[in-house]
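> My questions will all concern the structure given below.
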Amino acid sequence: MLQEILQSLPQVLVDGLTLGAVYAVVALGYTMVYGILQLINFAHGEVFMSGAFIGTAFFILIMGMGWASAIPQFILLIIVLILTASITGLVGVGLERVAYRPLRNAPRLIPLITAIGISFILQDVVRFIAELFNGNYIVTGPSLFSEQITLKASAISSIFYDARFKTSFLIVLGVAIILMVALDYFVNKTKWGTAMRAVALDRETASLMSINVNKVISITFFIGSALGGATGVLFAVQYGTIDPYIGFILGLKAFIAAVLGGIGNIRGAMVGGMLLGLMEMFASANLSLLTGGVFGAEYKDVFAFAILILVLIFKPEGLLGKPTAEKV
Amino acid sequence: MTVLEVNNIETYYGAIQALRGISLHVDEGEIVTLIGSNGAGKSTTLKSISGLAKVKTGTIQYKGKEITNKPPHQTTILGMAHVPEGRRIFSNLTVKENLLMGAFSVKGKDVIQERMEQVFTHFPKLKERLNQKGGTMSGGEQQMLAIGRALMMNPELLMLDEPSMGLAPIIVEQIFEIILHLNSSGITILLVEQNAYQALSIAHRGYVIQNGEIVLSGKGSDLVENDEIKEAYLA
Ligand SMILES: Nc1ncnc2c1ncn2[C@@H]1O[C@H](COP(=O)(O)OP(=O)(O)OP(=O)(O)O)[C@@H](O)[C@H]1O
Ligand SMILES: [Mg+2]
């Protein structure tokens, strides 16, 4: 049995890291907003979904222009990522301004319910627009980065089988890692990033440092939503077909990744996302084997969630979270 | 010249009235202290001035400029710094990052560096601890950091809320010396204290606040001698 698990390991790692990177970047959006407002922005999954649609629309639009075929795919991807991230970033800023800011001093449950309401609105708006232009709310984008790559793991050791995947996996993984490194740098090394951490720790005192707290909160929503939207584009590139409901499960899992890493902790979200992706793919490949066929791959989520529950029992603050937050 | 003019302000927390018509003023170069017992409204007065609390009636002017109910990021940028009660260090930020947050609105790396060096002349210990997390510093060190952070703004008016709270007598002594020193270097000071004797002995003038009202005011040296004050606060 160990032998079979090892054989599939290279494939599990490639698939798991790619899925994990997607979870991780979306988880950042949850964790940043939670860190600064103690608000669980459940609409974030829908911002991700909107990004997938906006990105796909840009791909269809740009590739529909004849001359665009001359643009290398990678450049095209970067252009679409930037455009989409800017739009979803502004959507996030608008959401905070219109829906959350007026409720900032309301009991916590109220903005939470509002967030769920916004999720439904975003789903329906995207569905309406997609049906209007596409005739169907399930949309398939152009196929990009679809060459097959084989990772010759068997050449390293005969224990392993080769891993096979599309180029898009590498693109998704690479872009996601770049986004995470850039965010980590921003938050830890720049003036506005430090201000963001200061506001998260103590909003009143931050305002006494001449920091415009509302502006910092807007920036937080912009960055979180831009990252979410960009990940939506990556998702669309990887899977090709999208619908207005992809944000729900993915958003939920990204939220869980954020909790797993310690909600409010940025590096925690990255670690949590990667771990969740890896666990899910590991379960998907090996669950049937491990349980003698009782549970099949379709129970992978149960496996992942069971691990989450275990972590939370023994470390309720999450893997990188602080034991008992020192929030006032 | 009058730096700060507070005119008959009333401040509420929900239905609770914390200030019942406070008026006071601070002139350039002065040390003015505001003393009173727990819950008298000292912190609320400072919060109303810097904009952390909203006043319901009354006005506040800073150097002749209307600042009533302006948010803190707009009042502090005018040159007033508010060191809040309990120091409120950003616990997860390093000493250096805390100081840099004080200089958030300051333009120019060299200006910031210069100010930091100035802060180190008052608080040499901070220089050795630049990369320590603020939250792991001792109470006295945190108070020094809190004042240092405010000095990064290069304030003309420094408002301190109970800087001696919870500190050992020697440290309190040091803090009061530093306040005197800052004042002689040209910074106007509004000092909130429960430590009435020490506060009055370094202050030019003082106000006594009780239940949200100013009940006494006068020169620091007179107030120290005042029998009522002796009985209530200097026992
Ligand atoms: N956030 C708040 N919500 C409700 N009431 C408050 C709040 N802050 C202060 N108060 C009330 O306002 C009054 C004045 O409080 P304030 O903090 O200004 O007193 P203080 O003189 O600074 O006291 P201390 O010496 O204990 O710091 C008190 O009755 C207090 O209970
Ligand atoms: Mg107080």
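These residue numbers are counts, starting from 1, taken along the chain as shown.
The backbone N, Cα and C atoms fix where each Cβ goes, and this holds for glycine too.
Annotation source TrEMBL lists transmembrane segment at A:20-40, A:47-68, A:74-97, A:109-130, A:167-187, A:216-239, A:245-263, A:275-296, A:302-320.
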> Taking A:20-40, A:109-130, A:216-239 as candidates, which has the most Cβ pairs under 8 Å with the transmembrane segment (A:74-97)?
A:216-239
> Out of A:20-40, A:47-68, A:245-263, A:302-320, what stretch is closest in contact terms to the transmembrane segment (A:216-239), meaning most Cβ pairs under 8 angstroms?
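If we count Cβ pairs closer than 8 Å to the transmembrane segment (A:216-239), A:47-68 scores highest.
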> With Cβ distances under 8 Å as the criterion, find the stretch in A:20-40, A:109-130, A:245-263, A:275-296 that has the most pairs with the transmembrane segment (A:167-187).
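By the under-8 Å Cβ criterion, the transmembrane segment (A:167-187) pairs most with A:20-40.
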> Report, as numbers and ranges, which residues of the same chain sit near the transmembrane segment (A:109-130): CB under 8 Å and 6 or more residues beyond its ends.
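Hits for the transmembrane segment (A:109-130): 39-43, 45-47, 49-50, 53, 95, 99-100, 103, 136-137, 139, 244-245, 247-248.
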